[in-house]
Amino acid sequence: MDASTINSLFLIGALLVGASILVSSLSSRLGIPILVIILAVGMLAGVDGGGIIFNNYPTAYLVGNLALAVILLDGGLRTRVASFRVALWPALSLATVGVMITTALTGLVAAWLFDLSLIQGLLIGAIVGSTDAAAVFSLLGGKGLNERVTATLEIESGSNDPMAVFLTVTLIDMIASGQTGLHWSLLGHLLREFGIGGLLGLGGGWLMLQLVNRINLAGGLYPILVIAGGLAVFSLTNALHGSGFLAVYLCGLVLGNKPIRSRHGILHMLDGMAWLAQIGMFLVLGLLVTPHDLLPIALPALGLALWMILIARPLSVVAALLPFKAFHGREKAFISWVGLRGAVPIILAVFPLMAGLPDAQLFFNLAFFIVLVSLLVQGTSLPWMAKLLKVTVPPDPAPISRSALEVHITSEWELFVYRLGAEKWCIGAALRELKMPEGTRIAALFRGEQLLHPSGSTVLEVGDMLCVIGHEHNLPALGKLFSQAPQRGLDLRFFGDFVLEGDAELGAVAALYGLKLDGLDAKMPLAQFIRQKVGGAPVVGDQVEWHGTIWTVATMDGNKIQKVGVRFPEGTRPGPGLFL
């Protein structure tokens, strides 16, 4: 390869990445997921478009694995362990039982539609059996979903790859060796994948945490060290026949939930690297496919995709979540719909090609077609389905920027910046009138380009920018303090007519609103009653019905319900005798 060829590759790569970024701005306007647009750019530049011929499957496998490792590391860093209280076991059930059921149901129909053997059909089911972390993390961000749904989908997508990889590799070996039956030893291999992946992921994350916090480096080197460490954990786990995907996700989880030096620098760079990984991966996968090869299989492939989306995924979700009573029908329906397929199935479809199996090209084309349908149908309709199934909650207003104040190696102090618009309720109020959360301080106030020295008598005006020092756990309270009037109206419509304290006694609430206790303990706190009615760990937005009234969890403090909203039937007035 001469210098001219290398330069041409650089130019083509830069143009494709740049075009993907520029065209992605159409995503919000057209309502199409960014990943579909990037995939389309790759396809248009490929053999049936721009004429770029790319059929190097080992290179695609390399790029895909590298990209997924970075994406999962970033996803783990941003996942809060607190979300495990509501989603860990349901997500693991989906990642194991759910994947197996989806594989079986999809495989049976694939074998029938394409006249394949049962083992070949199951291989197709295994290839497309897992949801994709890149697609889930990308499309769920900023949608305002309740914590139970978001955490379940994110943990599932980060942990279901071991099952899909295990089933795919096992079925490929069976086809290559002519086996037709399953053996109990396969269960041991599966447990090894999860066990080694879990141990090395948690252990590697702990070692990386100690290293980052004990060594003095230039600020820009910490993110690179974390990425290098994550890739080392990923590759070492794969070398020991564990799940590298699970390991790198858990490594990020450990790093993201402990005090770590240069946290914001690490997160900021990982965000950019994760985007670059997604762009590069989907461009390569778009280049890899030959669009005209998809046309002959379009109708049966569409039928298989719809079967998986409308039948196989919902049945697997219902079965996997059957033991977990806290999930409402609406939440199960939404989780069923967000079985997003992305890069993982396409990468797994490369395995049969590299193994030289018969019909391997058909498997690859089918996987690509199903991913395309999943992203277009499920990804595009995600916001609409979230509203239809009522799994969203009003988001807390966020600061326009936040940055770390590294006064200590493990300091968690941050600087939050809020801009006061005309609709802010605190306009015209003096600073002393603001009930700031305990432990927070207003550090500066900007008016136009002028820096003011804030005092208790300083009156806030439209356009003022407040710089507040606090911790991450202060954000909900600060968000309420600097909330907008329209947002408060939305909160009232969502949470109900009144908001009560969670520690209010049930007897007092019943007397106030004229409700019958029906043998319930009058001393029981309202929060405890709601928790019992939910049937599991509650989250903001959970709703229960009692005597025709709707009770909604409004705020949480860890596992504790702080406030509960109550909505009365239309046309009624709350008060004694209402339900007597």
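Cβ coordinates are placed from backbone N, Cα and C, and glycine is handled just like the others.
Features reported for this protein in Swiss-Prot:
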- 6-26: transmembrane segment (TRANSMEM)
- 34-54: transmembrane segment (TRANSMEM)
- 57-77: transmembrane segment (TRANSMEM)
- 108-128: transmembrane segment (TRANSMEM)
- 162-182: transmembrane segment (TRANSMEM)
- 193-213: transmembrane segment (TRANSMEM)
- 217-237: transmembrane segment (TRANSMEM)
- 240-260: transmembrane segment (TRANSMEM)
- 269-289: transmembrane segment (TRANSMEM)
- 292-312: transmembrane segment (TRANSMEM)
- 334-354: transmembrane segment (TRANSMEM)
- 362-382: transmembrane segment (TRANSMEM)
- 402-484: domain 'RCK C-terminal' (DOMAIN)
Report task. Give residue numbers and ranges for long-range contacts of the transmembrane segment (362-382): same chain, 6 or more residues beyond its ends, CB-CB under 8 A. Result -> 31-33, 35-36, 39, 110, 114, 123-124, 127-128, 132, 135, 139-140, 143, 285, 289, 293-294, 297-298, 301-302, 304-306, 308-309, 337-343, 345-346, 348-350, 352-353
Report task. Report, as numbers and ranges, every residue of the chain located at least six residues beyond the transmembrane segment (108-128) whose Cβ falls under 8 Å of a Cβ in that stretch; write 'none' if there are none. Result -> 102, 164, 167-168, 171-172, 174-175, 180, 297, 300, 303-304, 307-308, 312, 341, 345, 348-349, 351-352, 359, 362-363, 366-367, 370-371
Report summary line: Near the transmembrane segment (217-237) in space but 6 or more residues beyond its ends, with Cβ under 8 Å, are 65-66, 69-70, 73, 196-197, 200-201, 204-205, 207-208, 211, 243-248, 251-252, 255, 261-262, 265-266, 268-270, 273
Query raised in the report: Counting each residue once, how many in the domain 'RCK C-terminal' (402-484) are helix, strand and coil under DSSP?
Result: 13 helix, 29 strand, 41 coil
Report summary line: Relative to the transmembrane segment (334-354), the stretch among 34-54, 57-77, 162-182, 292-312 with the most Cβ pairs under 8 Å is 57-77
Query raised in the report: Which range out of 57-77, 162-182, 269-289 gives the transmembrane segment (240-260) the most CB pairs under 8 Å?
Result: 57-77
